[in-house]
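Asker: Before anything else, here's the structure in question.
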């Protein structure tokens, strides 16, 4: 086992603002908006830059998740801790995902954003939503469960299914722990491999401003600034609801666990701006895992909670689903009884678990939900297709913050959180702290505090 270093950290010079990632991403987003607005054709042509950055991120997601989980599990003192962490994480995910669905449902009933539109479903152009609906038919509960199991041990690393990588990593990590000392050379190799992989993450993240520029220039060039105010009441309602959920609900959970959600958001500002620019919470997944470890969360907890949360803890997507479904019902004068709304809630609880952290997944999941609840016309999705791209940013931001909070909370529940380090990092002392020991076990952290 490893002890936490008590040596005084070497002083570090704060980078000038123009060399900090968050400033570069903000600047890139502004340039992208201006280009897309004044030169829409050139702006739309910038799409490959955003796509290329997302592909670079996806290239490193699988090895980051695999190495973090395997080395984290294999270094645990007791394998029962793996099941305990997973159980606590799933309990948290189920509770707050359901709460997010309920919040969206309540807000839609109170604000009534679609009332008064009186849309005739027969007059809607359904062509644009057919692709989403056809994809949604593939999203059955059985299909989702079977899709978690890869065809081979190698196939998860050449696909884009995070849960397949998670499954293989957990099984391999448990197997490595069970063989004891015989597996130590492999564990040492994987632990050594972690360092260059995370260095690769840092290198890729230097391209984040280019990716954010390309994605934002394309969005504004393709849809125009005018589409930012189209269906403004729905968009504004969704943004306010998500903000209230983060600040009030997640803020209360954070306070109960001894930290500030606002300070956590400030700590993750560069990643949040990247998510905003790319409209994909997946783009910042590797960086989130690295930063949560630096903030004092146990490596094993980070490795289990963050990747799992990207499929099971999507607070923003859940708020969007019930809010958008009721908006469509209100806009098309479709009356939903309390029973219909409860059925919608139950279906959304299941279908939302198949949503990935990529752009457009929330819209596909909404189609899957409406397909099972016949009272709400699926054709009504054409109403929100034009502004869905701009709600996608808010969905991704809320999902990202929700997973960051979940990681700290589960670490706290597991006594696997270095609380002193967390507070110092959130207070802005990150660059003056030594790097955390990557092989520290949760038990060691608990003893250190005692």
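Just so you know, glycine gets a Cβ as well, placed from its N, Cα and C.
For reference, Swiss-Prot lists these features for the protein:
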TRANSMEM  25-45  transmembrane segment
TRANSMEM  56-76  transmembrane segment
TRANSMEM  90-110  transmembrane segment
TRANSMEM  162-182  transmembrane segment
TRANSMEM  200-220  transmembrane segment
TRANSMEM  234-254  transmembrane segment
TRANSMEM  319-339  transmembrane segment
TRANSMEM  367-387  transmembrane segment
Asker: How about the transmembrane segment (319-339) and the transmembrane segment (90-110): do they have 3 or more C-beta pairs under 8 A, pairs 6 or more apart in sequence?
Answerer: yes
Asker: Are there residues at least six beyond either end of the transmembrane segment (200-220) with Cβ under 8 Å to its Cβ atoms? List them, or say none.
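Answerer: Non-local partners: 21, 24-25, 27-29, 31-33, 35-37, 40, 42-54, 56-57, 59-60, 64, 270, 273-274, 276-279, 283, 286-287, 290, 389-390.
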Asker: Residues of the same chain, at least six outside the transmembrane segment (234-254), with any C-beta under 8 angstroms of its C-beta?
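Answerer: Residues 96, 99-100, 103-104, 107-108, 111, 113-114, 228, 260-262, 264-265, 315-316, 319-320, 323-324, 327, 384, 387, 390-391, 394-395, 397-398, 401-402, 405, 408-409 contact the transmembrane segment (234-254) from elsewhere in the chain.
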